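A short write-up of the structure that comes next.
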Ligand SMILES: Nc1ncnc2c1ncn2[C@@H]1O[C@H](COP(=O)(O)OP(=O)(O)OP(=O)(O)O)[C@@H](O)[C@H]1O
């Protein structure tokens, strides 16, 4: 018989999180001893009278507390499933069964009392003529619905009733029914829930392993059980019991962190679907396999996200953290350039001055505004670096249209601009990434074994070219996560223009773990539509996303002017003080100048606040920030304030005749609203001023 092993369940972590801190320490110490030898004579197993499942025992942690342990009949893995005061632990243990599902082969925990109640209710109900589902038993079972709960599922008539079964059903069964209730096909549901994923562990040479150990390791069981094979890992897992993402992943999340991909891979998902979580897990998994001199680069578009990721990875990883570098893309490019001396990046004013130089002897008939726009599109969005590439570059849909001769003139103007900027001793960001690409491409050995990219929707083709230069084309070279709806800086860029070829390696994340379904649906309905032109030339279309928890509908507030808005918001914040800690409330506006009135309103009411500017991380009191600044963050309550005409959407500053640019501008503003709204976990308020006329931003759009 092999050495006994330890696993923990997500409910054990929940229970641990509820214990006083001093007690948690004791549990951690106990868990270590238990892991070392679950059969040790020093472990005090106690059998419980009248238990529903006789494989369950309690074990003594101290005089007061007990852990609940499952030792499956045929397996060799002991599972810590609960911890509590003696009496409560006994009650919990008495009332649970652990069953391997006959179809999915996953290990499920059922609350006997709740199951009996649901079944009894179903038994008293009359024939269900308005059934929510009309599938046969075999189909239900294939979704992991426990056989005992089939009658209760058959009696459901509405999504609200389904929500009431959430805590009774295993997670995969509930998720399947939610998708089914949304009208998804059986095959789609199986795919979304991860029921079609290969059970790798079952297929390997584990035939001799007992059924219950196999069940524990199955894809669906990994939502709630995790085997822990070292003390280090145990410490890491138990030190942050509230942060379940560290341990329990959705089968698709798990697949994306562990699978090897033949080349660059793209993961798409809406806000809050765990893209950053997956990217961090993957970085760690890859780092664990590297030799000491190899590195993973984890890069983001914004500085703040890079800082967050760095600080989370530091606590999430062990020694492998040394092999992961986290830097936002421009900081990383600058570090290449600084190896050969100081670098100055051109400001907007510097760039304008250089274009003024071009205007003095303009080789084209085009205004410098048009040239400037064309330069950015060509160099940043399309990643073009040579005249020949530009002459061949398709500009379909762009205005004004240009003949080949005119394009040659435009390129001459670009050269004049580049020269003017060079003489100023400064570099544009495109210049920074292009120079950094050249340096890294000529480096003696490849710099990174793997590069992981978060916020992929905001990178330009010149950024992608730089990223491509950092890692040799090979399996698992590039892993990119992105949400096209959160693109707020530039127009869409094709990865292929940055020499990154995704082929069919596109995956999606569909469960929103952050936001209630009410907020998710509201925000999605008001964001720009997804288009297949974003990121890669593939036929992926709208990605269904759902949140599995509910909350209040977003609240719209209307105010006559900014003064009354700022007073009302200060009062609102005060009224929320029993519901949310102040640090969990964010007031978000479109532009920094809007914060002035809000700050004075808060001061008048004596409400403490922190303004999140470029460098400030979340501080004490209510958080105040712009929509751009809250990207990547989350709060329990978000108040989007100051939506007024000429403030949101901001004024279009492009050329009047350029309808395409105008549409892009509106889409970017819509995306900003989406970003801001999806920072809210529980509650969203949206406040308008002066009879906000752009109501299509708040009431329009489809909800999906
Ligand atoms: N498997 C999981 N279990 C529990 N919580 C999870 C899981 N995956 C993600 N989360 C939580 O969901 C929230 C969103 O995760 P994350 O920030 O990775 O999403 P995202 O897709 O990167 O979001 P956004 O694009 O909106 O910034 C976080 O609070 C995270 O801890």
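Placed from the backbone N, Cα and C atoms, the Cβ positions cover glycine too.
The ATP binding site annotation in TrEMBL covers 269, 270, 271, 272, 273, 274, 275, 276. Residues or ranges marked as domain 'UvrD-like helicase ATP-binding' by TrEMBL: 248-528.
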Local confidence of the domain 'UvrD-like helicase ATP-binding' (248-528) - pLDDT mean: 94
Under 8 Å by Cβ from residue 271 (ATP binding site), same chain, sequence gap 6 or more: 483, 485, 486, 512, 514, 515, 520, 523, 674, 675, 678
For residue 272 (ATP binding site), nearby residues of its own chain (Cβ under 8 Å, 6 or more apart in sequence): 512, 513, 514, 515, 520, 547, 634, 678
Chain-mates of 269, 270, 271, 272, 273, 274, 275, 276 with C-beta within 8 Å of site centroid, ATP: 481, 483, 509, 512, 513, 514
For residue 274 (ATP binding site), the number of other Cβ atoms found within 10 Å of its own Cβ: 23
Same-chain residues at least 6 apart in sequence whose Cβ lies under 8 Å from residue 273 (ATP binding site): 483, 509, 510, 511, 512, 513, 545
Cβ contacts of residue 269 (ATP binding site) (under 8 Å, same chain, 6 or more positions away): 275, 481, 483, 508, 509, 510, 543, 545
Per-residue Cβ crowding (10 Å cut-off), top of binding-site residues 270, 276: 270
C-beta crowding around residue 275 (ATP binding site), within 10 angstroms: 24
